[in-house]
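The following features are taken from TrEMBL:
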type     : residues : note
DOMAIN   : 106-429  : domain 'EccD-like transmembrane'
TRANSMEM : 116-145  : transmembrane segment
TRANSMEM : 152-170  : transmembrane segment
TRANSMEM : 176-198  : transmembrane segment
TRANSMEM : 205-221  : transmembrane segment
TRANSMEM : 227-246  : transmembrane segment
TRANSMEM : 291-310  : transmembrane segment
TRANSMEM : 340-361  : transmembrane segment
TRANSMEM : 367-386  : transmembrane segment
TRANSMEM : 406-426  : transmembrane segment
Amino acid sequence: MLRLTVRVHVGAFHREVDLSVPAGSTLADVAPEILDLCAAPQITRPWRATTAAGLPIEQSVALQHSPLDHGSILVLTPAEPVDAPIVRDSAEALVAELGDGRGAFGAAQLATVTGVLALAAVASLFLPLAGALAAGAGAAGAVVVWRRDAHLVALAAIAAAGAAAAAYVDPTFWTGSGWAAVAGTAAAALTALLGAALRTVGTRALAAVLTAGLLLLLGAAGDLLPWLPATTAPAATVLLGCLALLSFGPGAAAKAAGLHVPALPTAGQELTISDAAQPDVQHRARRAGRLTDGMAVGAAVIAAPATVLAGWQGGLWPQLLCLTVAGAVLMHAARHRAPVPGWSLAVIGLSACAGVALAAVRGDQHPAAVALAAAVALAALTAVLWAPRVRDLEPTTMAWWERVEFLAVLACLPIAVQVTGLFGMIRGLG
(Lines of atoms letter the chains of each structure in order from A and count residues from 1; the text may use other names and numbers.)
(Lines give C-alpha, C1' and ligand atoms only; values in the text may rest on other atoms or scores of the structure.)
Protein backbone atom coordinates (compact mmCIF):
# COMPACT_ATOMS: atom_id res chain seq x y z
CA MET A 1 0.00 0.00 0.00
CA LEU A 2 1.07 3.60 -0.71
CA ARG A 3 0.00 6.44 1.58
CA LEU A 4 -0.54 9.46 -0.70
CA THR A 5 -1.93 12.98 -0.49
CA VAL A 6 -4.14 13.63 -3.51
CA ARG A 7 -4.95 17.20 -4.55
CA VAL A 8 -7.68 17.81 -7.13
CA HIS A 9 -7.66 21.24 -8.79
CA VAL A 10 -10.38 22.15 -11.29
CA GLY A 11 -10.80 25.90 -11.73
CA ALA A 12 -12.06 27.24 -8.39
CA PHE A 13 -12.52 23.70 -7.02
CA HIS A 14 -9.70 22.61 -4.69
CA ARG A 15 -9.88 19.44 -2.64
CA GLU A 16 -7.18 17.48 -0.81
CA VAL A 17 -7.47 13.96 0.68
CA ASP A 18 -5.06 11.57 2.37
CA LEU A 19 -5.56 7.93 1.44
CA SER A 20 -3.84 4.60 0.88
CA VAL A 21 -3.93 2.85 -2.49
CA PRO A 22 -2.61 -0.55 -3.62
CA ALA A 23 0.97 -0.21 -4.87
CA GLY A 24 0.35 -2.72 -7.67
CA SER A 25 -2.58 -0.88 -9.21
CA THR A 26 -2.31 1.77 -11.88
CA LEU A 27 -3.49 5.31 -11.57
CA ALA A 28 -6.02 4.72 -14.34
CA ASP A 29 -7.60 2.01 -12.15
CA VAL A 30 -7.93 4.04 -8.95
CA ALA A 31 -8.48 7.55 -10.37
CA PRO A 32 -12.29 7.24 -10.82
CA GLU A 33 -12.76 6.16 -7.20
CA ILE A 34 -10.44 8.93 -5.96
CA LEU A 35 -12.43 11.53 -7.93
CA ASP A 36 -15.72 10.19 -6.55
CA LEU A 37 -14.29 10.32 -3.03
CA CYS A 38 -13.28 13.97 -3.57
CA ALA A 39 -16.64 14.82 -5.21
CA ALA A 40 -14.75 16.33 -8.13
CA PRO A 41 -16.83 17.95 -10.88
CA GLN A 42 -17.33 16.29 -14.23
CA ILE A 43 -15.04 17.58 -16.98
CA THR A 44 -14.88 16.98 -20.73
CA ARG A 45 -11.11 16.79 -20.90
CA PRO A 46 -8.90 13.95 -19.66
CA TRP A 47 -7.21 14.21 -16.27
CA ARG A 48 -3.51 14.94 -15.96
CA ALA A 49 -1.54 13.47 -13.06
CA THR A 50 1.66 15.10 -11.81
CA THR A 51 3.76 15.34 -8.70
CA ALA A 52 3.80 18.50 -6.63
CA ALA A 53 6.79 19.71 -8.66
CA GLY A 54 4.95 19.14 -11.96
CA LEU A 55 6.59 15.86 -12.99
CA PRO A 56 4.06 13.96 -15.14
CA ILE A 57 3.03 10.46 -13.99
CA GLU A 58 2.18 7.73 -16.47
CA GLN A 59 -1.33 6.53 -15.63
CA SER A 60 -0.90 3.05 -17.16
CA VAL A 61 2.12 2.12 -15.02
CA ALA A 62 1.82 0.53 -11.59
CA LEU A 63 2.19 3.04 -8.78
CA GLN A 64 5.09 1.12 -7.26
CA HIS A 65 7.06 1.77 -10.46
CA SER A 66 6.15 5.47 -10.58
CA PRO A 67 8.04 8.37 -8.90
CA LEU A 68 5.48 8.29 -6.07
CA ASP A 69 6.48 7.02 -2.63
CA HIS A 70 5.02 7.04 0.88
CA GLY A 71 3.91 10.56 1.73
CA SER A 72 4.12 11.83 -1.87
CA ILE A 73 1.70 14.38 -3.26
CA LEU A 74 -0.36 13.50 -6.33
CA VAL A 75 -1.97 16.41 -8.21
CA LEU A 76 -4.91 15.80 -10.55
CA THR A 77 -5.83 18.64 -12.94
CA PRO A 78 -7.58 18.83 -16.32
CA ALA A 79 -5.18 18.27 -19.20
CA GLU A 80 -4.43 21.40 -21.20
CA PRO A 81 -5.23 21.09 -24.90
CA VAL A 82 -2.24 21.12 -27.21
CA ASP A 83 -2.56 23.41 -30.21
CA ALA A 84 -2.36 21.62 -33.50
CA PRO A 85 0.61 22.59 -35.67
CA ILE A 86 -0.19 25.18 -38.31
CA VAL A 87 0.68 23.99 -41.78
CA ARG A 88 1.18 26.90 -44.16
CA ASP A 89 1.51 26.85 -47.90
CA SER A 90 4.02 29.08 -49.71
CA ALA A 91 1.69 32.10 -49.93
CA GLU A 92 0.76 31.95 -46.23
CA ALA A 93 4.42 31.55 -45.28
CA LEU A 94 5.32 34.70 -47.22
CA VAL A 95 2.50 36.63 -45.52
CA ALA A 96 3.69 35.44 -42.11
CA GLU A 97 7.22 36.68 -42.87
CA LEU A 98 5.92 40.21 -43.50
CA GLY A 99 5.60 40.86 -39.77
CA ASP A 100 2.82 42.97 -38.31
CA GLY A 101 1.89 44.49 -41.67
CA ARG A 102 2.53 48.12 -40.74
CA GLY A 103 4.58 48.68 -43.88
CA ALA A 104 6.68 51.85 -44.03
CA PHE A 105 5.99 52.89 -40.46
CA GLY A 106 6.49 56.63 -39.98
CA ALA A 107 6.50 57.45 -43.68
CA ALA A 108 3.63 59.92 -43.19
CA GLN A 109 5.70 61.97 -40.75
CA LEU A 110 8.67 61.83 -43.12
CA ALA A 111 6.39 63.08 -45.88
CA THR A 112 5.36 66.00 -43.65
CA VAL A 113 9.01 66.85 -42.99
CA THR A 114 9.62 66.75 -46.76
CA GLY A 115 6.69 69.11 -47.20
CA VAL A 116 8.20 71.50 -44.63
CA LEU A 117 11.49 71.55 -46.57
CA ALA A 118 9.68 72.06 -49.86
CA LEU A 119 7.60 74.90 -48.39
CA ALA A 120 10.73 76.61 -47.08
CA ALA A 121 12.36 76.25 -50.50
CA VAL A 122 9.37 77.82 -52.26
CA ALA A 123 9.09 80.56 -49.64
CA SER A 124 12.74 81.47 -50.17
CA LEU A 125 11.73 82.83 -53.62
CA PHE A 126 9.68 85.55 -51.95
CA LEU A 127 11.23 85.91 -48.49
CA PRO A 128 14.72 86.12 -47.02
CA LEU A 129 16.28 82.88 -45.87
CA ALA A 130 15.35 83.52 -42.24
CA GLY A 131 11.73 84.19 -43.19
CA ALA A 132 11.53 81.07 -45.35
CA LEU A 133 12.88 78.89 -42.55
CA ALA A 134 10.51 80.54 -40.07
CA ALA A 135 7.61 79.77 -42.41
CA GLY A 136 8.67 76.12 -42.49
CA ALA A 137 8.96 76.06 -38.69
CA GLY A 138 5.49 77.59 -38.35
CA ALA A 139 3.97 75.07 -40.75
CA ALA A 140 5.57 72.17 -38.86
CA GLY A 141 4.37 73.62 -35.56
CA ALA A 142 0.81 73.88 -36.87
CA VAL A 143 0.88 70.21 -37.86
CA VAL A 144 2.25 69.25 -34.44
CA VAL A 145 -0.52 71.18 -32.66
CA TRP A 146 -3.04 69.21 -34.69
CA ARG A 147 -1.27 65.84 -34.27
CA ARG A 148 0.70 65.84 -31.06
CA ASP A 149 2.05 62.33 -31.64
CA ALA A 150 4.05 63.50 -34.69
CA HIS A 151 7.38 63.57 -32.86
CA LEU A 152 9.51 63.61 -36.02
CA VAL A 153 7.66 66.70 -37.26
CA ALA A 154 8.24 68.32 -33.84
CA LEU A 155 12.00 67.76 -34.23
CA ALA A 156 11.81 69.30 -37.71
CA ALA A 157 10.05 72.35 -36.24
CA ILE A 158 12.80 72.71 -33.60
CA ALA A 159 15.55 72.46 -36.22
CA ALA A 160 13.81 74.92 -38.55
CA ALA A 161 13.27 77.43 -35.74
CA GLY A 162 16.93 77.26 -34.75
CA ALA A 163 18.07 77.62 -38.35
CA ALA A 164 15.73 80.60 -38.87
CA ALA A 165 17.15 82.44 -35.87
CA ALA A 166 20.71 81.69 -36.98
CA ALA A 167 19.96 82.91 -40.52
CA TYR A 168 18.44 86.10 -39.13
CA VAL A 169 21.72 86.89 -37.36
CA ASP A 170 23.97 85.71 -40.20
CA PRO A 171 22.55 84.58 -43.57
CA THR A 172 25.68 82.45 -44.04
CA PHE A 173 25.51 80.87 -40.60
CA TRP A 174 26.73 77.48 -41.87
CA THR A 175 30.22 78.96 -42.27
CA GLY A 176 30.64 79.00 -38.49
CA SER A 177 29.35 82.26 -37.01
CA GLY A 178 29.44 82.33 -33.21
CA TRP A 179 26.55 84.75 -32.70
CA ALA A 180 24.44 82.83 -35.19
CA ALA A 181 25.05 79.67 -33.15
CA VAL A 182 23.95 81.48 -29.99
CA ALA A 183 20.74 82.73 -31.61
CA GLY A 184 19.95 79.36 -33.19
CA THR A 185 20.56 77.52 -29.94
CA ALA A 186 18.30 79.88 -28.00
CA ALA A 187 15.48 79.57 -30.54
CA ALA A 188 15.75 75.77 -30.72
CA ALA A 189 15.81 75.46 -26.92
CA LEU A 190 12.74 77.68 -26.51
CA THR A 191 10.88 75.73 -29.20
CA ALA A 192 11.79 72.43 -27.54
CA LEU A 193 10.60 73.67 -24.15
CA LEU A 194 7.33 74.82 -25.72
CA GLY A 195 6.93 71.42 -27.34
CA ALA A 196 7.59 69.71 -24.01
CA ALA A 197 4.91 71.89 -22.38
CA LEU A 198 2.47 70.83 -25.12
CA ARG A 199 3.56 67.18 -24.70
CA THR A 200 4.73 66.89 -28.29
CA VAL A 201 8.43 66.58 -27.42
CA GLY A 202 9.44 63.63 -25.27
CA THR A 203 12.02 63.44 -22.51
CA ARG A 204 14.73 62.01 -24.75
CA ALA A 205 14.24 64.62 -27.47
CA LEU A 206 14.19 67.50 -24.98
CA ALA A 207 17.37 66.29 -23.28
CA ALA A 208 19.06 65.82 -26.67
CA VAL A 209 18.14 69.32 -27.87
CA LEU A 210 19.25 71.00 -24.64
CA THR A 211 22.52 69.02 -24.55
CA ALA A 212 23.31 69.83 -28.17
CA GLY A 213 22.47 73.48 -27.52
CA LEU A 214 24.80 73.60 -24.52
CA LEU A 215 27.67 72.17 -26.56
CA LEU A 216 26.94 74.61 -29.39
CA LEU A 217 27.13 77.48 -26.91
CA LEU A 218 30.54 76.21 -25.80
CA GLY A 219 31.64 76.11 -29.44
CA ALA A 220 30.33 79.63 -29.95
CA ALA A 221 32.30 80.76 -26.91
CA GLY A 222 35.43 79.25 -28.43
CA ASP A 223 34.76 81.26 -31.58
CA LEU A 224 33.85 84.58 -29.92
CA LEU A 225 36.18 84.87 -26.94
CA PRO A 226 39.27 86.86 -27.91
CA TRP A 227 41.63 84.97 -25.62
CA LEU A 228 40.98 81.73 -27.53
CA PRO A 229 42.61 82.70 -30.81
CA ALA A 230 43.14 79.34 -32.50
CA THR A 231 40.89 78.23 -35.36
CA THR A 232 40.45 74.89 -33.60
CA ALA A 233 39.16 76.56 -30.40
CA PRO A 234 35.43 75.89 -31.10
CA ALA A 235 36.03 72.16 -31.65
CA ALA A 236 38.25 71.92 -28.57
CA THR A 237 35.74 73.64 -26.29
CA VAL A 238 32.98 71.39 -27.61
CA LEU A 239 35.03 68.27 -26.86
CA LEU A 240 35.85 69.53 -23.37
CA GLY A 241 32.17 70.06 -22.67
CA CYS A 242 31.33 66.67 -24.17
CA LEU A 243 33.71 64.84 -21.85
CA ALA A 244 32.32 66.75 -18.87
CA LEU A 245 28.75 65.82 -19.85
CA LEU A 246 29.63 62.17 -20.38
CA SER A 247 31.35 62.07 -16.99
CA PHE A 248 28.73 63.85 -14.90
CA GLY A 249 25.63 63.46 -17.06
CA PRO A 250 24.34 60.11 -15.70
CA GLY A 251 24.56 61.34 -12.12
CA ALA A 252 22.82 64.59 -13.03
CA ALA A 253 20.09 62.63 -14.85
CA ALA A 254 19.50 60.45 -11.79
CA LYS A 255 19.20 63.52 -9.56
CA ALA A 256 16.90 65.27 -12.04
CA ALA A 257 14.65 62.19 -12.05
CA GLY A 258 14.49 62.25 -8.24
CA LEU A 259 16.51 59.09 -7.57
CA HIS A 260 18.70 58.97 -4.51
CA VAL A 261 21.10 56.47 -2.98
CA PRO A 262 19.49 54.39 -0.20
CA ALA A 263 20.55 55.61 3.22
CA LEU A 264 22.63 53.26 5.34
CA PRO A 265 22.75 53.81 9.10
CA THR A 266 26.08 54.73 10.62
CA ALA A 267 27.20 53.87 14.13
CA GLY A 268 24.62 55.02 16.64
CA GLN A 269 21.87 55.80 14.13
CA GLU A 270 18.46 54.20 14.07
CA LEU A 271 18.22 51.23 11.73
CA THR A 272 14.82 52.41 10.51
CA ILE A 273 16.35 55.09 8.26
CA SER A 274 17.19 52.39 5.71
CA ASP A 275 13.64 51.00 5.71
CA ALA A 276 12.02 53.89 3.84
CA ALA A 277 11.30 52.90 0.24
CA GLN A 278 11.27 55.59 -2.43
CA PRO A 279 7.85 55.82 -4.13
CA ASP A 280 7.41 55.15 -7.89
CA VAL A 281 11.08 54.24 -8.18
CA GLN A 282 10.48 52.38 -11.47
CA HIS A 283 9.00 55.47 -13.06
CA ARG A 284 11.88 57.60 -11.83
CA ALA A 285 14.46 55.10 -13.07
CA ARG A 286 12.78 55.07 -16.50
CA ARG A 287 12.87 58.86 -16.60
CA ALA A 288 16.56 58.87 -15.63
CA GLY A 289 17.30 56.39 -18.41
CA ARG A 290 15.51 58.55 -20.98
CA LEU A 291 17.38 61.65 -19.82
CA THR A 292 20.69 59.79 -20.13
CA ASP A 293 19.77 58.57 -23.61
CA GLY A 294 18.89 62.08 -24.75
CA MET A 295 22.06 63.59 -23.32
CA ALA A 296 24.18 60.95 -25.03
CA VAL A 297 22.48 61.50 -28.41
CA GLY A 298 22.79 65.30 -28.13
CA ALA A 299 26.47 64.99 -27.24
CA ALA A 300 27.11 62.67 -30.19
CA VAL A 301 25.34 64.96 -32.67
CA ILE A 302 27.67 67.85 -31.83
CA ALA A 303 30.86 66.15 -30.64
CA ALA A 304 31.24 63.78 -33.60
CA PRO A 305 31.50 66.61 -36.18
CA ALA A 306 33.73 68.51 -33.73
CA THR A 307 36.30 65.70 -33.75
CA VAL A 308 36.32 65.65 -37.56
CA LEU A 309 36.62 69.46 -37.62
CA ALA A 310 39.57 69.31 -35.21
CA GLY A 311 41.30 66.71 -37.34
CA TRP A 312 40.60 68.71 -40.51
CA GLN A 313 42.73 71.56 -39.15
CA GLY A 314 45.76 69.24 -39.15
CA GLY A 315 48.75 69.22 -36.84
CA LEU A 316 50.13 67.28 -33.91
CA TRP A 317 47.97 68.73 -31.13
CA PRO A 318 44.62 68.21 -32.91
CA GLN A 319 45.71 64.66 -33.66
CA LEU A 320 46.56 64.00 -30.02
CA LEU A 321 43.25 65.54 -28.98
CA CYS A 322 41.31 63.18 -31.25
CA LEU A 323 43.41 60.25 -29.99
CA THR A 324 42.70 60.98 -26.33
CA VAL A 325 38.99 61.47 -27.01
CA ALA A 326 38.87 58.11 -28.78
CA GLY A 327 40.67 56.44 -25.89
CA ALA A 328 38.35 58.07 -23.36
CA VAL A 329 35.08 56.89 -24.91
CA LEU A 330 35.63 53.76 -27.03
CA MET A 331 36.44 51.34 -24.21
CA HIS A 332 33.51 52.70 -22.24
CA ALA A 333 31.25 52.29 -25.29
CA ALA A 334 32.32 48.66 -25.73
CA ARG A 335 31.30 47.84 -22.13
CA HIS A 336 28.14 49.96 -21.91
CA ARG A 337 24.97 47.96 -21.31
CA ALA A 338 22.45 50.54 -22.59
CA PRO A 339 22.23 50.59 -26.41
CA VAL A 340 21.61 54.33 -26.97
CA PRO A 341 24.52 55.66 -24.86
CA GLY A 342 26.71 52.85 -26.15
CA TRP A 343 26.04 53.75 -29.78
CA SER A 344 26.44 57.47 -29.05
CA LEU A 345 29.83 56.93 -27.42
CA ALA A 346 30.87 54.67 -30.29
CA VAL A 347 29.98 57.35 -32.85
CA ILE A 348 32.05 59.93 -30.96
CA GLY A 349 35.00 57.57 -30.61
CA LEU A 350 34.99 56.42 -34.23
CA SER A 351 34.70 60.01 -35.44
CA ALA A 352 37.74 60.78 -33.28
CA CYS A 353 39.60 57.93 -34.99
CA ALA A 354 38.75 59.52 -38.34
CA GLY A 355 40.03 62.82 -36.93
CA VAL A 356 43.37 61.18 -36.09
CA ALA A 357 43.79 60.13 -39.72
CA LEU A 358 42.64 63.52 -41.05
CA ALA A 359 45.10 65.37 -38.81
CA ALA A 360 47.97 63.31 -40.21
CA VAL A 361 46.91 63.92 -43.81
CA ARG A 362 46.12 67.62 -43.41
CA GLY A 363 49.18 68.39 -41.26
CA ASP A 364 52.86 68.37 -42.11
CA GLN A 365 52.73 64.57 -42.62
CA HIS A 366 55.45 63.86 -40.09
CA PRO A 367 56.42 60.15 -40.02
CA ALA A 368 55.38 59.85 -36.37
CA ALA A 369 51.96 61.34 -37.10
CA VAL A 370 51.49 59.05 -40.10
CA ALA A 371 52.53 56.00 -38.04
CA LEU A 372 50.07 56.94 -35.31
CA ALA A 373 47.26 57.34 -37.84
CA ALA A 374 48.19 53.97 -39.41
CA ALA A 375 48.09 52.27 -36.00
CA VAL A 376 44.63 53.70 -35.27
CA ALA A 377 43.43 52.67 -38.74
CA LEU A 378 44.75 49.13 -38.20
CA ALA A 379 43.02 48.89 -34.82
CA ALA A 380 39.74 50.03 -36.37
CA LEU A 381 40.16 47.66 -39.32
CA THR A 382 40.57 44.62 -37.05
CA ALA A 383 37.84 45.67 -34.58
CA VAL A 384 35.57 42.81 -35.65
CA LEU A 385 38.25 40.39 -34.46
CA TRP A 386 39.06 41.77 -31.00
CA ALA A 387 36.02 43.87 -30.00
CA PRO A 388 33.78 40.87 -29.03
CA ARG A 389 36.41 39.82 -26.45
CA VAL A 390 36.35 43.12 -24.58
CA ARG A 391 33.34 42.09 -22.48
CA ASP A 392 35.04 38.83 -21.45
CA LEU A 393 38.31 40.29 -20.19
CA GLU A 394 39.61 39.23 -16.81
CA PRO A 395 39.04 41.67 -13.94
CA THR A 396 42.75 42.45 -13.62
CA THR A 397 43.03 43.22 -17.34
CA MET A 398 39.89 45.33 -17.17
CA ALA A 399 41.38 47.28 -14.26
CA TRP A 400 44.39 48.18 -16.41
CA TRP A 401 42.14 49.23 -19.28
CA GLU A 402 40.18 51.43 -16.89
CA ARG A 403 43.45 53.07 -15.84
CA VAL A 404 44.27 53.75 -19.50
CA GLU A 405 40.80 55.21 -19.99
CA PHE A 406 41.25 57.43 -16.92
CA LEU A 407 44.65 58.63 -18.18
CA ALA A 408 43.11 59.43 -21.57
CA VAL A 409 40.48 61.60 -19.88
CA LEU A 410 43.17 63.38 -17.85
CA ALA A 411 45.38 63.91 -20.90
CA CYS A 412 42.49 65.27 -22.92
CA LEU A 413 42.07 68.30 -20.67
CA PRO A 414 45.48 70.00 -21.14
CA ILE A 415 45.63 68.96 -24.80
CA ALA A 416 42.23 70.56 -25.46
CA VAL A 417 43.36 73.76 -23.74
CA GLN A 418 46.49 73.71 -25.93
CA VAL A 419 44.37 73.27 -29.06
CA THR A 420 42.29 76.31 -28.12
CA GLY A 421 45.46 78.42 -28.31
CA LEU A 422 45.21 79.63 -24.72
CA PHE A 423 48.67 78.41 -23.75
CA GLY A 424 50.19 80.05 -26.81
CA MET A 425 48.54 83.36 -25.99
CA ILE A 426 49.85 83.18 -22.39
CA ARG A 427 53.38 82.54 -23.66
CA GLY A 428 52.99 85.51 -26.01
CA LEU A 429 52.09 87.77 -23.09
CA GLY A 430 55.38 86.91 -21.38
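Including glycine, each Cβ sits where the backbone N, Cα and C put it.
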Q: With pairs restricted to those 6 or more apart in sequence, evaluate whether the transmembrane segment (367-386) and the transmembrane segment (406-426) have 3+ C-beta pairs under 8 Å.
A: no
Q. Does the transmembrane segment (116-145) come near the transmembrane segment (176-198), with 3+ Cβ pairs under 8 Å (pairs 6 or more apart)?
A. yes
Q) Which residues, given as numbers and ranges, are at least 6 beyond the ends of the transmembrane segment (291-310) yet have a Cβ under 8 Å from it? A) 203-213, 215-216, 219, 232, 234-236, 238-239, 242, 245-246, 249-250, 253, 256-257, 318, 321-322, 325, 338, 340-341, 343-345, 347-348, 351-352, 354-355, 358-359, 419
